[in-house]
């Protein structure tokens, strides 16, 4: 017997009233808030009622049950559809009072669904296309968990409701293509095919045959009347049987049921108004006051929770009987073995002894070789730059269609899709995803990276070729503004390590984060090992530290990150040797970690001498660390095509230029007398900077 038959032959009649409950709760909430989107919940109420009433397995009393079906509202503007469902099936944190507080400060019912803000919200949606793309990652994770633990412990579907806007966004193409290639058979997308956009009919801007598009990408695709419950049920049954991901085009009318506005784009993003809602109540035979659901309809909806609870209890019996129970639970919880930190400490000690000189992208791969050998939680990948990002290790065999036992995803040239899929993998649980591309192409992934931070997901972005140091590929590939953009993002750790020691330290931090994503900005060019002091303390965890202390009281402090720390050290040594100026060097591998330290530590590291910041990127953001008497050595515009060494000299990011800036800073600090070294009394030479250097 299939799932839908279990509901009985009279299901369709009761489902009409169940769907109307969604419609009126959505209308009432938007009306009270005078803000929101009633049209989509009203239009998709019939199809979603069938999905929940006949198929989906979730248990509101255990919203994090690992083998639950996932429901993703990609068209997040229709959030009242989700909140209404959660109230009706009995989520504890979604009483009627929350629905009547829709879009108000402090309520659980935010304008768009927010992960972690209310129970049962699988992912934050709102930026169109993100939900369907994140769902691809969830479906990948489900297949990977099933490959490791079997269908007895992992056997669930990922259902998505997507709108026209989701399918128009470019990220959807990346996600659809990847899902079809991987044959993600547990992914089912219900498309709200209402042919309405904010501006009016969708034929204003598109003539796309979406069914043909999905079929070309390897999906099963069907078209049904979205207001015919039995037709929707048959389509879902077929989708659950196919060996491909599935699209069900639900032909709907936006604002379905509205007395005079049904089918109008005016129902998309505004309250219907008291008169229209009153007329709709009369039209649909719903005589109840706002925010009221008759007990018999609420009871019908609560059967969804009963079915989910029964499924969960059966699953728990299987888990208890499984010999893999402990390993399964540790995997779901992403519990890292404490050995990882010890192994990385030994790794740092070994390379400190050897004074290993490598590009930080290579240092990252070497650290990953240690990490991936110590834990099976990590899932790597790259957007077609594996050989450049160096994200593949000996333990991470590729995942391919039909084979999900591997630990490495070839995402193709789909940076945005990769980032969203990693969000989905992290949200699903069981894995720590990392993926690589060039730093400059973080622009392409920006929307999903922002959601990583907003949701607090342990996703790791390995972004290599982080400056003009990549050389001949030129300004299209040389990031300038990207570090500033990433550092401006709340709850995102941006690591730019200076050598192999810092790289390993930063990986130790990133792999242990629970609620913060990480970015690694890594060099193409080889960098010397600068940290030669013994000790296992992870100094990068402090965000910044004094790498080279001044000899005596500081005359000047040089601040730098990544590949420019080498330049700062060379400049400090020259200032000491040639000018007897006491210069300290501060390495700042992670601003966010440094900002989290107390004021006393800030003063200890930064000191009170004039400061020079050195970074082969734009200045934006550096002033918070530089202080009033300061200078910046870095980029003021785009790069150029040339060998890396030539570019550093051309743009003045050299030890010579840093020395000149230091002397000029000290001269300006004492305009009436030549500046002198703090301890020696030796006059500092007068420097006149060329216009190019200035």
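Glycine too: its Cβ is placed from the backbone N, Cα and C atoms.
Annotated thiamine diphosphate-binding residues in Swiss-Prot are 77, 126, 127, 128, 165, 194, 441, and among 62, 268, 410 the one listed with them is 268. Neighbour density around each Cβ, counted as other Cβ atoms within 10 Å, peaks among the binding-site residues 77, 524 at 77.
Comparing C-alpha positions, residue 524 (substrate binding site) sits nearest to 126 among the recorded positions 37, 77, 126, 165, 194. When the binding-site residues 126, 268, 361, 473 are ranked by how far their Cα is from the Cα of residue 37 (site 'Important for catalytic activity'), 268 comes first. Within the set of recorded positions (37, 268, 361, 465), the lowest number of other Cβ atoms found within 10 Å of a Cβ is recorded at 268. Cα of residue 415 (active site, proton donor) to Cα of residue 361 (substrate binding site): a span of 18 Å.
Put simply, 268 is the one of the binding-site residues 268, 361, 388, 465, 473 whose Cα lies nearest to the Cα of residue 194 (thiamine diphosphate binding site). Each of the recorded positions 415, 473 was scored by the number of other CB atoms within 10 A of its CB, and the lowest score belongs to 473.
Each residue contributes its Cα atom, and for residue 165 (thiamine diphosphate binding site) and residue 268 (substrate binding site) these two points are 12 Å apart.
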